[in-house]
Amino acid sequence: MPCSIPFKTHFQSSSLTFASFHPSLLCKMISTTTLSPPPTHLPSLPQTPPLSLIKTCKSMAQLKQIHSQTIRTGLISNPIVRAQIIAFCCKHELGDMEYARMVFDTMPEPNHFVWNNMIKGYSRVGCPNSAVSMYCEMLERGVMPDEYTYPFLLKRFTRDMAVKCGRELHDHIVKLGFSSNVFVQNALIHLYSLSGEVSVARGVFDRSSKSDVVTWNVMISGYNRSKQFDESMKLFDEMERMRVLPSSITLVSVLSACSKLKDLNVGKRVHRYVKDLKIEPVRVLENALIDMYAACGEMDTALGIFDNMKSRDVISWTAIVTGFTNLGQVDLARKYFDKMPERDFVSWTAMIDGYLQVNQFKEVLTLFREMQAANIKPDEFTMVSILTACAHLGALELGEWIKAYIDKNKIKIDSFVGNALIDMYFNCGNVEKAIRIFNAMPHRDKISWTAVIFGLAINGYGEEALDMFSQMLKASITPDEVTYIGVLCACTHCGMVDKGKKFFARMTTQHGIEPNVAHYGCMVDLLGRAGHLKEAHEVIKNMPVKPNSIVWGSLLGACRVHKDEEMAEMAAQQILELEPENGAVYVLLCNIYAACNRWEKLHEVRKLMMDRGIKKTPGCSLIEMNGSVHEFVAGDQVHPQSKESYSKLDEMSVDLKFAGYSPDTSEVFLDIGEEEKESAVYRHSEKLAIAFGLISSGPGVTIRIVKNLRMCVDCHYVAKLVSKVYNREVIVRDRTRFHHFRHGSCTCKDYW
C-alpha cells in the first residue's frame, strides 16, 4: 500500500523530517545519544467506559464519535485514552494512520506503548519509511526503544530499506543490549535475508538459542528467498536432529524448497509429519503439498489432496494447472483452468506458459486476448511469455502493442523483459528496434549480449555481430558456450570461414570452453556452405563426441547446395541410422537427385518414403496482419481469403514476368513436365502469404513472413522481384535465417 501521509506537516516542530532522513543519521544518533535502559513494563489500563467502547469499536466512524465524546467530557486528558485511540488506528484493519498521527501530536510525552504502536501501524500499512522516520523522532526526543520496537520496525521492511539502514539498526540493537532477545533476533534474521545478506542472517541464527521454532522458520524462509533451497533442506534436517518440533509454517517453507528442487523423498517425509503429528490441514499447507507433488510429476497424489480439500482457493487450482502444464498435458490443464471459479494473473500466466512449452504459440495469443477481455492485468512474467510467442510467430504488431503496454503501465524493464523484447524484435526482423532496446537497458547481462549477437547473425549482419562480441569482451562480460554458438553462426551466415576457425580455436584457448556437439555442427555448417565439403567431413570424423543428426544434416544441406551426390548419400545414411523417421532427410536427398537429374535414384527414395509411410512436411507460412496471425499452406484453399490471394498471385505473375521472372524449378523433385513443375512452385506457401500481404496492407508497409522450411530458390527470386516491382520491403524468416528483401536484393546475398 503506498504511503500518502504528508509527513512534513507532522514534523514541523522537529528538526528531523521525513525528507531529511538518511541511514547515516542513525549512526550519528548512536554516537551522540545517551542511551539508558527503557522501562520493562507497560502501563496498566484501567477499564474506564471510554476504553471499553474503544475496544469494542468496529470502524473509524465509531472511533471518531467516541473521540468526540471524550473531548466533550474532558476524558481526553487521560493519556491512556489517547493511547487506546492511537492503538485502534494502528492495529485495526480499518485503522487510519493519518488520524493516529493527529492524535499522537496532541500528546506531550508519549510512552513506549504509544511509540511502538505508531511504528507498528506504519509497518502494517506498508510504509516502512514512515516507521523509520518515527523511530528517528523517538530517538531525538530522548525516548529509548525497547525489545518490542525492533520487531515492529523491521517486520515490513522492503529490500531497499533493509540494505540502506539494516547495519545501523543492528548496531543500535547491540548497543542497547537487545541482541539476545529472541524476537529481536528473529527480526534481524529476516532483515538480513531480505537485504540478500543471507550469510549474515545465518550468523545471527547460529548465535541464537534456536529454541524457538519461529527462529528456524525465519532462517528457512530466508534461504528460500535467496533461492538457496539446498540450504533450506539442510537446516530442516538439523532442526529434526535438535528435536525442534516444526510448525505448519515450517512445513510450508520446506515443501516450497522441495517443489523447486523436485525432491519427492523429502516432500513425502514432510507429508508424513502432517499425518503423524496430526497437524490441522490448513489450506496453505494443503496448497503447498499439492504444489510439491505437482512439481514432482505426481499428479494423482496432488489431485487426491485437491479433491479432499474442504475449501479451495485460486492457489489450489493454479497448482493443479501448473502441474499438468509442466508435464506437457495442456488439454488437461485447460480443463481445470476453465473450471476455476476465480482466476488471477498467476493462473492466466501459468496456462499461457503451458501453451508456450508445447509450442502452441497461436493459442498463447488467443488466451492472452481472453485475459485482456477478463480485465486481468498481466505482470512482467506474462509479458515475457507473450513476447516469446510473438517472437516465434513473427507477430511484430502484437509485440509492439506489448511494448506500448509496458511503457504505459510503467512495467519495469528488467533484464528478463528487456531480453524478451530484444528477442522479439530480432525474431520479427526489426534489427534497429532490437538494438535500441539493448542500448537503453540499464543492466545488460550475458543473455542480453548473446541475444544481440544471435539476432544480428541470423538477420545477416555478421560483421556487426562480431563487433558486438568484441564490445562484450571489452565490457568484461565473459562469454559462455551459447555465446560462441552465436559467434560461429555469424561467421556461417556470411561465409567468414577463416574468422570462424579462429573463434573456434579461441573458445578453448582464451575462455576454456570445450566445444560441444552444437559447436562442431556450426563448424560443419560453416565449411559446408563455403564448399569445403571434405574438410567439413573431416571435422565430423575427428569429433571427440558422437555426431548427432543435426551435424550430419548440416553436411547434407551443404551437399544440396553444391550438388555432391555421393557425400549426400553417405550423410543421409548416417542420419537415417539415428532417426529412421526423419522425413526432411528423404526430401533433401530427393532435391539433390532432382538437381543432378538422377530420376531413377529419386524414384527409389520416393518409394522408400511411401513404403515407410513418411510424408513430406508441407510448407507453411505465417503472416501477421492487423494484429492477427494468418497461416498459409502450400496449395492452400482453406484460408477465407484464398480466392483473393490466388487472384493477386495471378496478377503478380504477369507483373513479375515483365520484370524478367522465369520460374526456377530446379528444386522440384517430381519427374513431371516443366509446366507441372511451374505449377508446383507457383503454389508455395510464402508466395500465397506475400500475395495476401499485398492485398491486406497499404503501400510501403513491410511484409513479414515466417516459414517453417528452408526458402526455395524460386520463392527467393520472387521475393526479390516483389520488393523491386511493388516497392515493398519483404522479410522472410525461414528455418535457418532471415532474408531482408529491399529494392530487388537480399541481405543474404544469395548465400543461404
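Backbone N, Cα and C atoms are what each Cβ position is placed from, and that goes for glycine too.
Computed from a predicted structure; not experimentally measured.
Feature annotations, courtesy of TrEMBL:
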- 111-145: repeat 'PPR' (REPEAT)
- 212-246: repeat 'PPR' (REPEAT)
- 313-343: repeat 'PPR' (REPEAT)
- 344-378: repeat 'PPR' (REPEAT)
- 414-444: repeat 'PPR' (REPEAT)
- 445-479: repeat 'PPR' (REPEAT)
- 480-515: repeat 'PPR' (REPEAT)
- 660-752: domain 'DYW' (DOMAIN)
### Surrounding residues of the repeat 'PPR' (414-444) on its own chain - C-beta under 8 Å, 6+ positions past either end
380-381, 383-384, 387-388, 390-392, 394-396, 399, 402-403, 406, 451-452, 454-456, 458-459, 461, 475, 477, 704, 731, 733, 738, 740
### Message
Which residues of the chain, 6 or more past the ends of the repeat 'PPR' (212-246), have a CB below 8 A from one of its CBs?
### Response
182, 185-186, 189-190, 192-194, 196, 198, 201-202, 205, 253-254, 256-258, 260-261, 263, 266, 273, 277
### Query
Taking the repeat 'PPR' (111-145) alone, what is its mean pLDDT?
92
### Query
Would you list the DSSP helix, strand and coil counts for the residues of the repeat 'PPR' (212-246)?
26 helix, 0 strand, 9 coil
